Structure formats: structure tokens, C-alpha cells
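Chemist: I am attaching a structure below and will ask some questions about it afterwards.
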Amino acid sequence: MPLYVFNWEKGMMSMTIRPFILDGNEVAANIKALVEGDVKKLIAGGIIPCLATILVGDDPASATYVRMKANACKRLGIQSVRIELPGETTTEQLIREIQQLNENPGVHGILLQHPVPHHIDERAAFDAISIEKDVDGVTTQGFAQNAFGFAAFPSCTPAAIIAILDHYRLPVLGKHAVVIGRSPILGKPVSAMLLNKDATVTTCHSKTVNLEEFVRAADIVVAAVGKPRFVKGDWVKPGAVVLDAGYNPGNIGDVDYEACLPHVSAITPVPAGVGPVTIATLLKHTVAAAMKAQGY
Ligand SMILES: Nc1nc(=O)c2c([nH]1)NC[C@@H]1CN(c3ccc(C(=O)N[C@@H](CCC(=O)O)C(=O)O)cc3)C=[N+]21
């Protein structure tokens, strides 16, 4: 909502935009409340929804995220099986683990934590996950189906970004959305999902020339670069909506939040923005996979 205030420096009334803080915890709570009913239904029928998480190597940040996901499952009555593999695991060994989980009828969803150690073929490992259990939306098939608008589980962070836009009824149709980043489970799928919601989408990346100029033209900015405070305040068009999908060490986003705040109409903070919605989305997909497996 624009707000006119007296600007003493300019000696006149001028408009400042009161930014709306998009509350990821509120959106996540809303999603989890909707999922709870289905969890009860499954448990009443003797089925415990179950997510298997796979962590390869001992990166402490990845271990923290996987633990957060497992804890979130537990709080909602979803079982979680945590598989931890040594950093020396080969692609073949990892794929065999995934195949066992594919064949295990007690497991409804599989999450392979990204990134895996460099010597592993991550794409081959992701694609070993069966489409029915790809609750994290990482398979080639899942990506393609989602991009074409079919019923596959989308990647969780892109779905979280869309859920935030939907929850706060922020218009997307006809808007110019600028996505910074083109990774297979974030920038690329969120670009496709915004396109499917009738935005005009520009995907920027490390080779983009004059990246700031694209951001300056954006009605919606999605930051998914993995560089702390990358998006500067003076890049943001007055009144733009800014979604920060960054999760840099120390809980620092990809957006210079304080600097952008005076310019935006709405913005997600880090923490308590996209992150919690990502986890809620993972739970939602896991329970939906279990419901489908049970023929609901
Ligand atoms: N296959 C795969 N799927 C993923 O979805 C995936 C992944 N790999 N690799 C890593 C990233 C990162 N990610 C986060 C999820 C939640 C928070 C989150 O909830 N953060 C809290 C704060 C964290 C804290 O309190 O320490 C917040 O933003 O409020 C952050 C980061 C999912 N990822």
C-alpha cells in the first residue's frame, strides 16, 4: 500500500512504499494444517506415510537441512527413514540404494539431498528415483511433466515460491518475472512454473550481460543464485515483489534485504521466508504420494 509522508530532506510530500513482509512460517503452517487431515486418514487406515532421505558425505549444512526435514516429518506424524552414506560412495552404490527404496512399499517419498560429492553422477542418481516417489521433483521426467503442466510433483523450492505468491494473492499473470539462476531444481523449474502462470519470464544466469538491467525491469524477482546479498537495493524497481530462495552459510539470502526493503511492495525474509515453505511442500508431496499409493 503506498503511503505519502513528508520528506524533510526534499521539503515535500513523497510516496514511500510500505513493504509487505511475506511470512514463510504462516504459509508453511497453512500447508501443514491442510496435510494433517490426510495424515490422520492414512494412519486410521493403518498406513504411516514415510519419507526416505539420503545424505551422501558429511557436509554439516546438508546434515542440518536433512535433520530439519526429518524433524518436520516427525511433528506431523510422518515417518522418516534417514540413510547416510559415506563420501566415497560410488554412483552405482547410490543408485542401488535408491532402487531398494523404490521397491520398498513402506516408503512413499525419496529425497536425495543436493549436492552430492563431485565424483557422483547426480543426474543419474536423481533419475533413478521412481516418478511416483519423486516428492522432491528432481527427476528429468518430473521436470518435464511439471514444465508441460501435468500432474508430477514439482521441485519443492519452486513450488514454495509459487505457494507464497498464491497465499498472498500476488498477481503473476502478465507480470515480468526475472529469475536469477538456472539450476535444475530451482531456477529452471521456477521459470517454467511462472511461465505456466502466464508471467513473462526472463531467466538470468552467470553469463547474462547487464544482469542488473533485467532485474530493474522486473515486477517479480526470484533470487536463486547462491551468492550472499547478490541482489542490490538499487536494482529493484519500485513496487516489485522479491522472493529470496538463497540459503547461504549463516542463513544469509541472495538478496540484500535491508537495502531492497525501501523499494519493494513485498519481500520474503531469510530466514522465515521460502525455507519453511520448502519443507512444508516436501511433507505435502510425501503425504500426497502415500495417498495415491493407497488408492485415495
Ligand atoms: N534434493 C534437495 N532438495 C531440496 O529441497 C534441497 C536440497 N536438495 N539441498 C539444499 C536445499 C536447501 N533447502 C532448504 C530448505 C529449508 C530451509 C529452511 O527452512 N531454512 C530456515 C532456516 C534454517 C535454520 O533455522 O537453520 C529458514 O529459512 O527459515 C533452508 C534450505 C532445501 N534444499
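Each Cβ is built from the backbone N, Cα and C atoms, and glycine gets one as well.
What TrEMBL records for this protein is below:
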type	residues	note
DOMAIN	22-136	domain 'Tetrahydrofolate dehydrogenase/cyclohydrolase catalytic'
DOMAIN	155-292	domain 'Tetrahydrofolate dehydrogenase/cyclohydrolase NAD(P)-binding'
BINDING	Gly181, Arg182, Ser183	NADP(+) binding site
Chemist: In sequence order, what residues of the same chain, 6+ apart, have a Cβ less than 8 Å from the Cβ of Gly181 (NADP(+) binding site)?
Modeler: Gly187, Thr203, Cys204, His205, Val222, Ala223, Ala224, Val225, Gly226, Ala245
Chemist: How do the residues of the domain 'Tetrahydrofolate dehydrogenase/cyclohydrolase NAD(P)-binding' (155-292) split into helix, strand and coil according to DSSP?
Modeler: 54 helix, 24 strand, 60 coil
Chemist: When secondary structure is assigned with DSSP, how many helix, strand and coil residues does the domain 'Tetrahydrofolate dehydrogenase/cyclohydrolase catalytic' (22-136) contain?
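Modeler: With helix first, then strand, then coil, the domain 'Tetrahydrofolate dehydrogenase/cyclohydrolase catalytic' (22-136) has 60 helix, 18 strand, 37 coil.
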Chemist: Which residues of the same chain, at least 6 positions away in sequence, have a Cβ lying under 8 Å from the Cβ of Ser183 (NADP(+) binding site)?
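Modeler: Ala224 - these are the non-local Cβ neighbours of Ser183 (NADP(+) binding site), listed in sequence order.
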Chemist: Taking the centroid of the Cβ atoms of Gly181, Arg182, Ser183 (NADP(+) site), which other same-chain residues have Cβ within 8 Å of it?
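Modeler: What remains near the Cβ centre is Val179, Ile180, Pro184, Leu186, Gly187, Lys188, Thr203, His205, Ala224, Val225.
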